[in-house]
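Engineer: Quick one: the structure is below, questions incoming.
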Amino acid sequence: MSGGLPGFHNAPVSRAVVVAAALFSVPFGLRSRFLDLGLSHQNLYENLRIWRVIASLFAFSSSPELIFGVALLYYFRVFERQIGSNKYAVFIIFSMTVSVLLQILALGYLKDPSFNPLTSGPYGLIFASYVPFFFDIPISTKFRIFGLQLCDKSFVYLAGLQVPEYATSLFSRLSWPFSNNSYQRLPIATTDENIPDLQARQMQGVHTTTPDPTESSIATLVSMGFDRASAIQALALTTNDVNLASNILLEAQST
């Protein structure tokens, strides 16, 4: 589906947003620090790292998100050509401001420093752009694939679905009060009877030699839905191996 004239002709604001997204995403991505850019309760409320607010507005959290996100931002430049650069700049400022305020309020409401950072990126702008895209961009062609009715706009909608980390980050936090309860009574806090015999023999004697689990490892398991006490014990049994600890917790839950 065409977005009009190629390049950023008559779309300087869109060009600035795409360049900003690339400049924020690529340097951190080369250093494998994509996930460090998102907002979190600890960084925002405890450490007051306000600069992360700006970084989280533009930097995508993974390479696939960067590719699809930049492609969508490039396509949505058609709206700047329709309404003008000044009005489009106001639209960008408004959508991004609302997006970051909602994230800040959500982190303040949850008040849990163990959560991993929210996924960063200009998603407030991208998903807000789907509103005028739905109402103002007409369908030019329709076709069928395996009996499914599609149109030329379908590919733009599908591109918006290629952001699994953002969706996972969002829904994991929306479902947090419910998912956390399912693990609160995990019966491994006092005994090892639910740990498979082979793993129990392999971990025998680790209790007295293993250093205390790190907060980052505990936070990773807690973000997966396990309660803190069970996470600490599982890490102690596995020499702070997060992957093995999560396997033990899952197997303990299933028994």
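Placement of Cβ uses the backbone N, Cα and C atoms for every residue, glycine included.
Fair warning: this is a prediction, and the values are worked out from it, not measured in the lab.
If you look up TrEMBL, you'll see 212-252 marked as domain 'UBA'. Marked as transmembrane segment by TrEMBL: 12-30, 50-76, 88-110, 122-139.
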Engineer: Under the DSSP assignment, what numbers of helix, strand and coil residues are found in the domain 'UBA' (212-252)?
Structural biologist: 30 helix, 0 strand, 11 coil
Engineer: List, by number or range, the same-chain residues at least 6 past the transmembrane segment (122-139) whose CB is under 8 A from its CB atoms?
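Structural biologist: For the transmembrane segment (122-139), the nonlocal Cβ contacts are 17, 21, 57-58, 69, 72-73, 76, 78-79, 82, 91-92, 95-96, 98-100, 151-153, 156-157, 160, 163, 166.
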Engineer: Suppose you look only at the domain 'UBA' (212-252); what would the mean pLDDT be?
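Structural biologist: Its mean pLDDT is 82.
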